[in-house]
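Contents: one structure, followed by commentary.
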Amino acid sequence: MTDVALTGAKGRMGSLIIDEIRSSPDLKLVAAIDIIGIGDRVLGDVCVSDARDVQRVLRESRPDVLIDFTVPSAALENIHAAADTGVALVVGTTGFSEEQLSIIEEMIKSAGIAAVISPNFSLGVNVFWKLVEMAARSLSDYDVEVIEAHHRKKKDAPSGTAMRTVEILSRSLGIEDVRHGREGMCERGREIGVHAVRAGDIVGDHTVLFAGPGERIEIKHQAHSRSAFARGALRAARWVVKAPPGIHSMEEVLASS
Ligand code: NAP
């Protein structure tokens, strides 16, 4: 049995993760934490605890793993609390700055805990990243654009998945210039274009477009339901409790579970 604590328990992702835990006999929710809905009963006798008490809640509920789907500033606090209490981590929150990422890395390293951090826990997107890398190797002279679309309530832009895609392209193509949207006179150079669409209730679309003389290729992933992310995060939670200390990728989880 793996005991799970969840921060962002009342959010879109948090609610789905609770639904998945409900139907997983090998997982037990021991703490649900948020800044909203405090006191609401979410599963069995677990009620939402106040995020301001995250340290105390982790000490008392003694989870094997903390899953975080919140916002970057909150995730930083939650990771700090997990590091302090020696709890393994699965972090799905996106939109961290470079500075926040290096603080997170340092906290995890010095606490000697294991963590899986990924901007996208779906199996499909992890395959999409491999296809993008493969295509970039063969199409190094083509123009490349990353286009993502999400629901109107998404807080960060471009998505963490789009930015990970840019990292992969940048490494594979040796292009450092990243152009976010275009306006006015802007001749295309050797750059990676990035475009973020925010509309309605789109769960998450990502397209990489390679265009060259007389042709183009589009590699596209579309998430139909957030449950793909929730299931992936729980797969990572089962894996990380047995993993060695350090920050691991979803690719490692999928390769060995
Ligand atoms: P959401 O519906 O806004 O849920 C986030 C929840 O966290 C909200 O209930 C929010 O409360 C709460 N929260 C804010 N500060 C908190 C704190 N200090 N402690 C605990 N909870 C706190 O967002 P979502 O759609 O679930 O997405 C959450 C994050 O996961 C985003 O960064 C999103 O980009 C990311 N995401 C990742 C994946 C992946 O596969 N890695 C997939 C989907 C989404 P308020 O509403 O009051 O702010």
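Backbone N, Cα and C atoms are what each Cβ position is placed from, and that goes for glycine too.
TrEMBL labels come from automatic prediction, so no person has curated them.
Here the structure is a predicted model, which means the values were calculated and not measured.
Marked as active site, proton donor/acceptor by TrEMBL: HIS150. Per TrEMBL, the feature NAD(+) binding site maps to GLY8, ALA9, LYS10, GLY11, ARG12, MET13, ASP40, GLY92, THR93, THR94, SER118, PRO119, ASN120, PHE121. Under the heading (S)-2,3,4,5-tetrahydrodipicolinate binding site, TrEMBL lists HIS151, GLY160, THR161. Residues or ranges marked as domain 'Dihydrodipicolinate reductase N-terminal' by TrEMBL: 3-121. As annotated by TrEMBL, domain 'Dihydrodipicolinate reductase C-terminal' applies to 124-254.
Positions of the features from TrEMBL, shown on the structure.
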{"residue": "GLY8", "record": "NAD(+) binding site", "DSSP class": "coil"}
{"residue": "ASP40", "record": "NAD(+) binding site", "DSSP class": "coil"}
{"residue": "THR93", "record": "NAD(+) binding site", "DSSP class": "coil"}
{"residue": "ASN120", "record": "NAD(+) binding site", "DSSP class": "coil"}
{"residue": "HIS150", "record": "active site, proton donor/acceptor", "DSSP class": "strand"}
{"residue": "GLY160", "record": "(S)-2,3,4,5-tetrahydrodipicolinate binding site", "DSSP class": "helix"}
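Taking a Cβ cut-off of under 6 Å from any atom of ligand 1, none of the recorded positions ASP40, HIS150, HIS151, THR161 qualifies. Cα separation, THR161 ((S)-2,3,4,5-tetrahydrodipicolinate binding site) to SER118 (NAD(+) binding site), rounded: 8 Å.
Closest in space to ASP40 (NAD(+) binding site), of the recorded positions given as HIS150, HIS151, GLY160, is HIS151, taking the CA atom of each residue. In terms of local Cβ density within 10 Å, HIS150 ranks first among the recorded positions LYS10, ARG12, HIS150. A distance of 17 Å separates the Cα atom of ARG12 (NAD(+) binding site) from that of GLY160 ((S)-2,3,4,5-tetrahydrodipicolinate binding site). Across the fold, the C-alpha of the residue listed as 'active site, proton donor/acceptor' and the C-alpha of ASN120 (NAD(+) binding site) stand 13 Å from each other. Around the Cβ of GLY8 (NAD(+) binding site), a 10 Å sphere holds 26 further Cβ atoms from the protein chains shown. In this structure the C-alpha atoms belonging to HIS151 ((S)-2,3,4,5-tetrahydrodipicolinate binding site) and ASN120 (NAD(+) binding site) are separated by 16 Å. When the Cα atoms are compared, GLY8 (NAD(+) binding site) and GLY160 ((S)-2,3,4,5-tetrahydrodipicolinate binding site) turn out to be 18 Å apart.
Across the fold, the C-alpha of GLY160 ((S)-2,3,4,5-tetrahydrodipicolinate binding site) and the C-alpha of THR93 (NAD(+) binding site) stand 9 Å from each other.
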